[in-house]
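> TrEMBL lists these features:
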DOMAIN    358-519  domain 'Phosphatase 2A Regulatory Subunit A helical'
REPEAT    10-48  repeat 'HEAT'
REPEAT    164-202  repeat 'HEAT'
REPEAT    203-241  repeat 'HEAT'
REPEAT    242-280  repeat 'HEAT'
REPEAT    281-319  repeat 'HEAT'
REPEAT    320-358  repeat 'HEAT'
REPEAT    359-397  repeat 'HEAT'
REPEAT    398-436  repeat 'HEAT'
REPEAT    476-514  repeat 'HEAT'
REPEAT    515-553  repeat 'HEAT'
REPEAT    554-587  repeat 'HEAT'
């Protein structure tokens, strides 16, 4: 092929593949756009490739999505920022397609390109594009336009800025709810680029239109705008304009709007300041905590600790705690679960006395909840309460419940308790642990569920690290080694796993004198699964013990296992022997 024809080849292949019936070929071709652009060079990319893509009206959304994504990073291939505007036409077309994800990706790419464009180019190319989309006949164009104003506005001259605000105001009153939804979603971004003089006039009137919309899907998006706008306005303006809207929304007839208020209330409190929060938002929040829709109560319950942090303890005890008590016996398990996940954080906020008097009974009732997730959420946050009321009180009141949960019929609850034991052990101290929880840790090694047995072995290792090898030698190792004679092979395997985890913590001496003989003994077991696990454990012990022990004790055992009739036992024994050879060679 001659030098003249060669650069034509990629574009010819691309065009063929983009017209191919096979979607995969078309997708591959789009994904290789950057390679093709490099082959063509900047000028031909601008003059041939981009126009071709603008005309290519593929009907498959996957291909269009890939194209919208690729074009967003295409500035270097068209000759840099001064030529960025050539990428706008194909993306403008993609902003009008029916598929939402394609439009969103096209808007994202336009924002990326627009944020890199020079100011003059933005005025000459980008702002006209936004105006065209905003005046589009089909609603999809107008939906996309809303997401571009925050890029267009900052660099526009004063006249154009006024025009853009007026266009956005029209979009906020569009006939199509989808357009109004998009306008509500993007109002916060657009407001951030508007001068404060126009915030109170133009932006607030748009905001008020959206908050009074007859579609709840538009109103709930306006709730999100409350927090963003609140941060942009002065506190007194925020109280005058935003606060009444929040109060109204908290009593909206649509539960979805109330749900959004419950979710956003903490941010809204930060925006309006402490005083209005106490006088106006506390009653609104109490209403949400007692809402007749479970979803709203879930959202409100999940924010209870954050909300209490803003208030002083007296107000929390007076207004919020009665609601918390009601929620702890709510008919919906999901409400109780949401409450359980945050209620422990209230202890540091309320202080010791209130926690003991008011919160402990609630914790106890949640710990006895019939729904496992509620119990789990309480267990996993016990340390927050411990810091406030001290371990003595905690152990008297909560320990019986923990012991009960350790034998819970749901294995996930037992698992959560096991994972929490090392933290509990470090808080309770060694004496208390031995009295109350030591027996439980051994009991879990013989659980019917594998995940529990596996977690129990890891738990023993973490306890040995916490309390030291001497304590482990007294309280863990003898009981563990006694279990190696269990008639069921699965429990014997658990003990092998425990040995392999404990050995690095216990050190060379105890491993050689206590743990290794047990492992060697078990290599004579009649069950192949046990024997190949012995090979694995011996392999893990090689770095811990002396070379002389490896040669005298471990190697002969592995050589014997290499002769085993079972293929898996031979495989793992050979693997372990290779490790032995490797260690001896390297030393």
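Backbone N, Cα and C atoms are what each Cβ position is placed from, and that goes for glycine too.
Because TrEMBL annotations are produced automatically, they should be read as predictions rather than curated entries.
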> What is the three-state DSSP composition of the repeat 'HEAT' (554-587), stated as helix, strand and coil residue counts?
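Summed over the repeat 'HEAT' (554-587), the classes give 29 helix, 0 strand, 5 coil.
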> Could you count the residues of the repeat 'HEAT' (320-358) that DSSP puts in helix, in strand and in coil?
32 helix, 0 strand, 7 coil
> Under the DSSP assignment, what numbers of helix, strand and coil residues are found in the repeat 'HEAT' (164-202)?
31 helix, 0 strand, 8 coil
> Taking all residues of the repeat 'HEAT' (164-202) together, what is their mean pLDDT?
81
> Tally of helix, strand and coil residues over the repeat 'HEAT' (281-319) according to DSSP?
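Here the numbers are 31 helix, 0 strand, 8 coil.
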